[in-house]
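Some notes on the structure that comes next.
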Amino acid sequence: MKCAVENPVQADQNLRRIFLVGNPNVGKSVLFNALTGAYTTVSNYPGTSVEVFRGTCEIHGVRYEVLDTPGMYSLLPITEEERVARDMLLNERPDVVLHVIDARNIERMLPMTLQLIEAGLPVILVVNILDEAERLGLRFDLHLLEEKLGIPVVGAAVRRRRGLKEIRAAIVGFDPSQKAVFGYAVDLERDISRVTSCLSGQYGLDARAMALLLMQRDESLTELVRSVEKDNFAVVEGAINEIAFDRRVDLHLRISLERKRVCKGVLEGVISEDGQRAIDWAGKLSELTMNPWTGVPLLLLVLYFGLYQFVGNFGAGTIVDFLEGGLFEKNLNPWFIDFCRTYLPWNWLFELLAGEYGIFTLGVRYAVAIVLPIVGTFFIAFSVIEDSGYFPRLAMLVDRVFKQIGLNGRAVIPIVLGFGCDTMATIVTRTLETRRERLIATLLLALAIPCSAQLGVILGLLSAVPGALVIWGGSMAGLFLFIGFLSARLMPGEKPMFYMEIPPMRLPQPRNVLVKTLTRMQWYFLEIFPLFILASVILWAGKMTGALQWLVEVMQPVMRLLGLPGQTAAAFIFGFFRRDFGAAGLYDLQTKGILSPAQLTVAAVTLTLFVPCVAQFLIMKKERGWKASLAIFAVVTLLAFSVGFGLNRLLLLTGVPG
Amino acid sequence: MICGFCHREIPEETPEKGCGRCGGGCRKVHCPYCGYENPLPSPLLERLLGRKEKKK
Ligand SMILES: [Zn+2]
Ligand SMILES: [Zn+2]
């Protein structure tokens with residue numbers, strides 16, 4: 001329960017109010033402290049858990065109240081913090097709004113300045129962290145920017161106390177009456193005026209800003225308009241729906257893109273780069289990663305060094321050899337088996353602990369010696385890539401290809417997550433817009449995307465036979481595209497546009513990488529360890545009762561069709577429990593020298609395509625329903641075995657890899 | 001926490017402390033902007049590595 005005193009709105013009504021807004025990490029708090037000094041208070045915004053800081057200051061004899069709003073990226077709120085920041089701006093009519101931005105990322109942050117100006121707010125733009133930007137060789141013509149935006153613009157480096165005097169002067173001398181209007185594309189302008197002409201009520205915001213937010217489907221604003229317009233609301237809603245239908249585009253996206261275009265124009269001539277300045281490597285690299293001609297070779301390089309060399313050769317080769325071959329096979333296992341044989345009089349107990357599918361000899365060994373080093377190195381590579389900001393660029397790069405398979409760049413998130421764990425990725429397909437996209441993504445995840453552990457083990461398995469690796473990779477990519485292409489044709493529907501804000505690229509931070517890797521490994525290990533133990537117990541029970549033998553027997557003909565030795569059936573049965581478990585089983589066969597290169601290739605391809613693990617299947621059922629998930633299961637199983645069959649024939653004919 | 005995909009700041013009080021959807025005590029936070037799933041370091045790990053100084 002909150003009493004009224006805590007309410008930040010209950011300020012002295014005679015005080016003029018300054019609001020600080022902007023993205024997180026642009027120096028808002030530093031500026032807040034510099035303006036207000038030591039005497040500040042923190043209180044929760046009414047009805048929320050969001051904290052709002054406020055303090056007072058005196059500038060040239062005028063007293064102001066200063067409020068630091070929670071970080072926000074746009075006027076269209078997503079998180080509770082953003083909603084609070086937006087509500088504060090719209091409901092509490094500030095006298096001055098200081099929009100603090102990072103000079104280094106001015107192009108990314110200026111669209112919000114535009115939104116604030118459009119909303120009719122009294123904005124002063126503070127271009128902060130100017131010292132760092134200048135160190136990077138950027139020069140700003142802030143007078144020109146001021147002219148173009150029609151609002152006061154102050155350059156600052158508040159951490160160095162630079163620009164504070166100018167900010168204070170701008171606040172005191174602020175004249176909110178002058179106001180610029182930014183023209184959008186003609187068709188968009190027509191839409192905007194159409195919506196504004198429908199609005200009849202009085203709002204704290206400019207009609208233009210209201211129209212834009214309504215067109216972008218801002219929910220809380222739509223509710224507000226519904227209550228103010230009453231009977232007239234149907235007209236407003238009708239107009240917006242009609243516009244969206246006529247344009248056949250995502251209006252939200254269209255407006256963001258248009259705003260970006262306007263910002264580009266505004267910044268023309270404002271920023272210049274020093275002739276002598278060090279080349280902006282990050283920026284160059286960033287462009288190279290998104291251009292298809294350079295992006296694809298770069299992607300292959302990343303895959304080669306990150307996955308093949310580091311995970312495949314180092315993790316699955318060197319480390320696994322040491323742990324599995326050295327530690328377990330030579331030392332731990334013989335000792336443990338001897339120990340059990342000597343002290344355990346019952347065969348069933350011996351089998352349970354140290355037999356073929358024993359808890360120690362199979363479960364612990366798989367988990368510790370095979371899977372852990374492989375996923376460990378995989379997580380390192382993954383965290384490095386993640387921390388560098390490569391993923392959103394990958395999303396832009398593959399957007400074109402994905403459009404051909406009924407998806408768009410947005411689907412990169414579930415697909416990339418699928419390389420971590422397909423189960424979670426299946427849940428994340430919720431973020432896709434249409435039912436069709438969700439279905440296609442779910443099918444592709446179940447079919448052609450191996451999860452991290454499976455991928456790692458397969459890489460380790462195949463890195464000994466590079467030819468097999470190429471065939472495996474080609475089969476996965478080919479099938480992914482082919483099935484995607486086919487399902488996009490079979491399930492016609494709208495193709496939504498994709499647009500994503502690209503964060504700046506940066507050098508991975510060792511500490512971040514370490515924390516992420518260790519975190520992922522810790523949770524992964526905690527999650528798989530009991531399951532591996534459970535799986536070996538189930539397999540043990542299967543062996544003792546003869547059920548396993550029967551199942552393997554049943555699968556013999558299928559294995560024969562694939563040209564695989566009978567023992568491989570066990571690996572497929574392992575795969576039901578967990579994808580990585582199946583792959584580890586295959587690894588075992590490979591180290592025992594049971595599989596020829598061709599058989600290894602066929603087994604790896606079939607196993608990767610074949611079944612999602614139990615968990616993934618259950619989630620599929622939950623997200624897509626029985627009918628769709630059983631259909632996916634059937635399609636995937638059929639495809640896996642027919643591809644395996646075909647591949648075997650092909651390899652026998654061509655003799656590759658040999 | 002910074003999202004690993006879109007590099008935006010995930011607010012501390014995101015309703016999803018751990019996604020709560022998967023079994024086995026999932027410790028992942030979904031980014032409210034892009035849906036990406038970020039690993040949440042355990043308290044033990046944070047202590048071992050020395051907790052980052054809290055901002056503000
Ligand atoms: Zn994100
Ligand atoms: Zn989860």
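Cβ coordinates are placed from backbone N, Cα and C, and glycine is handled just like the others.
It should be emphasised that the depicted structure is a prediction, and the values quoted were computed from it without experimental measurement.
In the three-state DSSP classification, A:K28 (GTP binding site) falls within a helix. Taking the Cβ of A:K28 (GTP binding site) as reference, residues of its chain lying under 8 Å away and at least six apart in sequence are, in sequence order, A:L20, A:V21, A:G22, A:D68, A:G71, A:V100. Sequence annotations record features per position, and here TrEMBL assigns GTP binding site to A:22-29, A:47-51, A:68-71, A:128-131.
Taking the Cβ of A:A34 (Mg(2+) binding site) as centre and 10 Å as the limit, one finds 18 other Cβ atoms among all the protein chains shown. Following the DSSP three-state reduction, the secondary structure of A:A34 (Mg(2+) binding site) is helix. Under the heading Mg(2+) binding site, TrEMBL lists A:N33, A:A34, A:T36, A:G37.
Look at TrEMBL and you will find A:15-177 tagged as domain 'FeoB-type G'.
The transmembrane segment feature in TrEMBL is assigned to A:293-311 (among others). Long-range neighbours of the transmembrane segment (A:293-311) within the same chain, counting only residues 6 or more positions beyond its ends whose Cβ lies under 8 Å from a Cβ of the stretch, are 374, 377-378, 380-381, 384-385, 390, 393-394, 397, 455-456, 459-460, 463, 469.
If you look at the transmembrane segment (A:366-385), the same-chain residues 6 or more away from its ends with a CB under 8 A from one of its CBs are 302, 306-307, 310-311, 314-316, 319-320, 323-324, 327-328, 391, 419-420, 452-453, 455-457, 459-460, 508, 512-513, 516-517, 520-521, 524-525, 528-529, 532, 580-581, 584, 587. The transmembrane segment annotation in TrEMBL covers A:366-385 (among others).
What TrEMBL lists as transmembrane segment is A:439-463 (among others).
Among residues of the same chain six or more beyond the transmembrane segment (A:469-490), those with a C-beta under 8 A of the stretch's C-beta atoms are 308, 312, 401-402, 404-407, 439-440, 443-444, 447-450, 458-459, 462-463, 601, 604-605, 608-609, 639, 643, 647, 651, 656-657. According to TrEMBL, the transmembrane segment annotation covers A:469-490 (among others).
The transmembrane segment annotation in TrEMBL covers A:523-541 (among others).
Taken from TrEMBL, the feature transmembrane segment applies to A:561-577 (among others).
The transmembrane segment annotation in TrEMBL covers A:598-619 (among others).
The transmembrane segment annotation in TrEMBL covers A:631-652 (among others).
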>> Tell me which of the binding-site residues A:G22, A:G37, A:P70 sits in the most Cβ-dense spot, judged by other Cβ atoms within 10 Å.
In response: A:G22
> Where does the mean pLDDT land for the domain 'FeoB-type G' (A:15-177)?
Replying inline: 89
> Beyond A:N33, A:A34, A:T36, A:G37, what residues of that chain have CB atoms within 8 A of the centre of the Mg(2+) site's CB atoms?
Replying inline: A:L31, A:F32, A:L35, A:A38, A:T40, A:G55, A:C57
> Which three-state DSSP class does A:E51 (GTP binding site) fall into?
Replying inline: strand
> In whole Å, how far is A:I129 (GTP binding site) from A:G37 (Mg(2+) binding site) when you measure between their Cα atoms?
Replying inline: 20
> Among the binding-site residues A:G22, A:N25, A:I129, which sit with their Cβ under 8 Å from a Cβ of chain B?
Replying inline: A:N25
